[in-house]
Amino acid sequence: MPELPEVETSRRGIEPHLVGATILHAVVRNGRLRWPVSEEIYRLSDVPVLSVRRRAKYLLLELPDGWIIVHLGMSGSLRILSEELPAEKHDHVDLVMSNGKVLRYTDPRRFGAWLWTRTLEGHPVLAHLGPEPLSDAFNADYLQQKCAKKKTAIKPWLMDNKLVVGVGNIYASESLFSAGIHPDRLASSLSREECEQLVKVIKLVLLRSIEQGGTTLKDFLQSDGKPGYFAQELQVYGRKGEPCRICGMPVVGTKHAQRATFYCRQCQK
């Protein structure tokens with residue numbers, strides 16, 4: 001599933017081609033996504049794009065009278081293409097732009113979303129989200145407070161969007177490894193120093209992934225069709241049985257609640 005770095009990579013890739021241009025019309029080939037494509041999107045005509053923002057894993061396209069909310073789901077990607085390039089099987093939505101470009105949404109599993117809203121305030125998908133991990137609001141004081149009485153393992157707690165947004169499975173595993181914290185540790189057992197270190201490495205890991213264009217394991221592509229290259233830097237995720245890059249012990253791979261977890265028994269306590 002595309003996580004925060006992949007969505008931010010998509011935002012940065014599409015923004016220069018959309019802002020200042022006009023949506024001439026939309027082409028919806030298959031509106032049966034996680035939620036049905038909003039009727040307002042079918043009717044788009046000669047609408048300028050004012051900004052392209054991101055909140056958590058949602059892309060937000062600002063229009064004069066409302067917003068398009070895009071979620072990439074499990075397998076979605078957005079590409080900027082020439083208008084004449086024919087659509088393929090899993091290309092479900094196009095925004096045809098006045099500059100000769102097309103924003104094309106591809107999603108083999110159709111678990112993404114294209115929604116329209118007049119205002120973002122109070123929208124159900126955005127209303128109960130925690131702070132952005134790269135913001136000042138996500139800091140050691142905040143994490144320590146939220147972990148203090150939490151009797152659950154730290155890894156699933158990090159992946160809870162009510163705590164902090166966008167730290168999905170890949171980056172939770174990678175950040176806990178970098179911080180030396182076992183994924184099964186109770187959140188309430190973390191010391192102040194461990195909270196400081198964990199916040200620090202989460203920010204570093206996410207920023208590094210954004211620099212590399214995100215992580216491509218299967219479906220994700222950047223807006224220019226290239227994969228994300230952070231997969232080459234993964235320390236534990238997807239490396240079950242391979243030697244830890246620090247101590248040489250085999251990386252452990254387990255599953256909890258249908259989520260794959262990877263860690264090093266030697267380096268993470």
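Each Cβ is built from the backbone N, Cα and C atoms, and glycine gets one as well.
Noted in Swiss-Prot for the protein shown:
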| type | residues | note |
| --- | --- | --- |
| ACT_SITE | Pro2 | active site, schiff-base intermediate with DNA |
| ACT_SITE | Glu3 | active site, proton donor |
| ACT_SITE | Lys57 | active site, proton donor |
| ACT_SITE | Arg259 | active site, proton donor |
| BINDING | His90, Arg109, Lys150 | DNA binding site |
| ZN_FING | 235-269 | zinc finger |
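Locations of recorded Swiss-Prot features on the structure.
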residue: Pro2; record: active site, schiff-base intermediate with DNA; CB count, 10 Å: 28
residue: Glu3; record: active site, proton donor; CB count, 10 Å: 24
residue: Lys57; record: active site, proton donor; CB count, 10 Å: 22
residue: His90; record: DNA binding site; CB count, 10 Å: 17
residue: Arg109; record: DNA binding site; CB count, 10 Å: 14
residue: Lys150; record: DNA binding site; CB count, 10 Å: 16
residue: Arg259; record: active site, proton donor; CB count, 10 Å: 15
Going by C-alpha positions, which of the active-site residues (Pro2, Glu3, Lys57, Arg259) is nearest Arg109 (DNA binding site)?
Pro2
Segment-level pLDDT (mean, integer) for the zinc finger (235-269):
95
Given Glu3 (active site, proton donor) and Lys57 (active site, proton donor), what distance in Å do their CA atoms have, once rounded to a whole number?
6
Could you tell me how many residues in the zinc finger (235-269) are helical, how many are strand and how many are coil under DSSP?
0 helix, 12 strand, 23 coil
Candidate nearest Arg259 (active site, proton donor) in space, where candidates are the recorded positions Pro2, Lys57, His90, Lys150 and distance is Cα-Cα:
Pro2
If I take the Cα of Lys57 (active site, proton donor) as reference, which of the recorded positions Pro2, His90, Lys150 has the closest Cα?
Pro2
Integer Å value for the Cα distance linking His90 (DNA binding site) with the residue listed as 'active site, schiff-base intermediate with DNA' is 17
The rounded CA-CA distance in Å from Lys150 (DNA binding site) to Pro2 (active site, schiff-base intermediate with DNA) is 27
